[in-house]
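Read the structure below first, then the notes.
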Amino acid sequence: MKPLSGTTSAASRQTMSEGGFKLRSGKKDVQIRHLVAVITEKQNPRLIWVLGIYDTALYFGRTRVDLRTQVERRPVGGPRDGASIQVKTSPTADSITQLPESSLPTSFRKKRASSSYWRPKLHQAYHAVQNSNYDKGLPVVEPFVMGHFESRKPANCKPLLHKECMENWTEKEHPTEDTGPLLRAPPEQRLDGGPRDDGSFQFESSASDNSTSKQDESSLPTNFGKSHVSSSNRRFKHQSYPEHMVGFRSSGSGRDLPMVETFDICLSGRRKSSKYKPSLTEKNNGNKLEHCIIETGQMLRPGMVLLKSYVTLSKQVNIVKKCQELGLGPGGFYQPGYQDGAKLRLQMMCLGKRWDPQTKYEERLQNDYCEPPGIPNDFSLLVKKALEDSHALIMERDGARNVEDILPGMSPDICIVNFYTTNGRLGLHQDRDESPQSLDRGLPVVSISIGDSAEFLYGDKRNYDKAEKVLLESGDVLIFGGKSRQIFHGVKSIIPNSAPPGLLRKANIRPGRLNLTFRQF
Ligand SMILES: O=C(O)CCC(=O)C(=O)O
Ligand SMILES: [Fe+2]
C-alpha cells in the first residue's frame, strides 16, 4: 500500500484555518471541508474512495448529498452490513456551513466521475484532513465504510435521498475504463492477458532469470481488516477490527508522517462453525512434542528440507497472535508494490530489518518510515530448533558427517512475514538481497507456513513449466540453504478452506496463509 501521500504544506494548513480545505493537485485546487467516508467495492473490498464534506453537502463525483437531511448517521463501532451505507459526519460538522457552496471549484462538482481522477485526490484529501485536524487539536476523522460501490457512480447531479443513494451505490455496474492507474499493468508486464475477476491484474517482471529477485507480483485486492487511528491519541492501539473495515495507523510520532492502511490477519467475532468439536488428534496436537522429524522430514534437494507438521498447533496459534499484534502496529503489514503501481499479491511485514521489493533492505521503509519490530525470541528459538532437527535428518538420511556443508546453520536477524489471502500468490523469484557473505555461505532461508495450504513451486530456473511443486500445509517448515539457497521459488496458489479447524477456532486467522521466512543478513 502506498502511503496516503497528502501534504500538510503551510498553504493547506492556512486554508484550513480559514474554514476550508484546499488541496493543490496539479494545477487545480480541490476544496474539502472534512473527510467523511471511505468506500469499498462489493466484490473487492479495497479502499477506493474517500469522501469529503464541503459546506453542508457531501460530494461524491457528481453526486451531492445534503448532510442536513439525507445522510443517515450510525454509530461507527458497530458491525457493518456490507450492503448498507454508513455515514458519520465529522466531529466538527456543526461549523460546516461557513463556506458557501458557490466557492466549490467546478472541477470538484463536475469533473468526470472516474476513480482514476478522484482517487488520488481523495487520498490526498484524506491525509491532509487528518494532519490538519491533528495540528489543530481536532479529532482525527475516522474513516469508515460507506457501503459498496461498483466503480461507476450515478450520473445525476441532483441531491439524492438517502434511499436513492443506497440503491445507486450498491447497484451492480460493470467497470469500464475506470479501474484507475494504480491498478493497471503496463501492457508489457501483463502476464495473464486481462483483468482478473476481481479487477486486478497479475504482473510479471520482464527481468531476466538472473536479475530477478522477489519482484514479480501484482495488485492484490486489499480486503483489509481495519480501523482508524484514535482521534486523541495517535499511538497505536492493538485491537481487532471487523473484516473489511478500513483503518489506518499513524506511522510514527511525527505528525507529517503518512497514515498507513492496516491489515488484520485475524477476523474479529466468532466463526459460524462454533459447533465444531476438535478431534482427539487435534486436541493432542496442541500440546504434544514436535513429530519425530526422522519420520516426517523430507529432503527435497541438497540443502532443501521439508519438515511436515513441525510446528504444533499451540505454537501456530501463538505465532498468529503475535503476528497479528505486530502487524497492526508501527512497521506492520502493508501491501508492497512498485513505483508504477504494480502490487504484490500479499501483505507484508518485516521483523528485525526491513525489506521491500522496491527498496530492498533499508533501515526504514518509505511507506511509513517505521523501524521494524524485532524478531520475537520464541520465533528465533523455533528456527534454530528446526535447523538442528534438519541437521539430524540429513545426518540420518545421508550419513553426512559434516551436515553444515549441506545445510549451514544460521541465526536469523530478518524475518519477512507474508500474508496471502486466498487469491494471493507470489511469482517465482530468488531471495538474494541478503549480504554477499550470507549468500556465498548458503545461509538458509527457514520458512514457516500457517493457515491455508499453499502450492509452492521451486526450481533451477524461473520457469513455471519446469518448476517442481510441493504442498505447504499449516505447521510445515521448509528450509533452503547450501546449494539450494538461491533456488527460484514462489507460491502458485492458496488452497481455500484448508487451514486446520483448530487454528481457525483458536487464533481466528482470516482465510489465507501466513508465511514467515527467516534469514540471516
Ligand atoms: O510464502 C512463501 O512460502 C514464500 C515466501 C517467499 O518466498 C519470500 O517471502 O521471499
Ligand atoms: Fe522468497
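Quick reminder: no glycine exception, Cβ is built from N, Cα and C everywhere.
The Fe cation binding site annotation in TrEMBL covers HIS429, ASP431, HIS489. Residue environment of HIS489 (Fe cation binding site) contains 27 other Cβ atoms, counted within 10 Å of its Cβ in all protein chains.
The annotation compositional bias 'Polar residues' is assigned in TrEMBL to 1-17 (among others).
Sequence annotations record features per position, and here TrEMBL assigns compositional bias 'Polar residues' to 86-106 (among others).
Feature annotation from TrEMBL assigns compositional bias 'Basic and acidic residues' to 187-199.
Residues annotated as compositional bias 'Polar residues' in TrEMBL: 202-233 (among others).
Among the features that TrEMBL reports, domain 'Fe2OG dioxygenase' is placed at 411-521. Across the domain 'Fe2OG dioxygenase' (411-521), the model assigns an average pLDDT of 96.
Annotation comment: TrEMBL describes 1-23 (among others) as region 'Disordered'.
TrEMBL lists 74-110 (among others) with the feature region 'Disordered'.
Among the features that TrEMBL reports, region 'Disordered' is placed at 171-238 (among others).
Per DSSP, the domain 'Fe2OG dioxygenase' (411-521) is made up of 15 helix, 51 strand, 45 coil.
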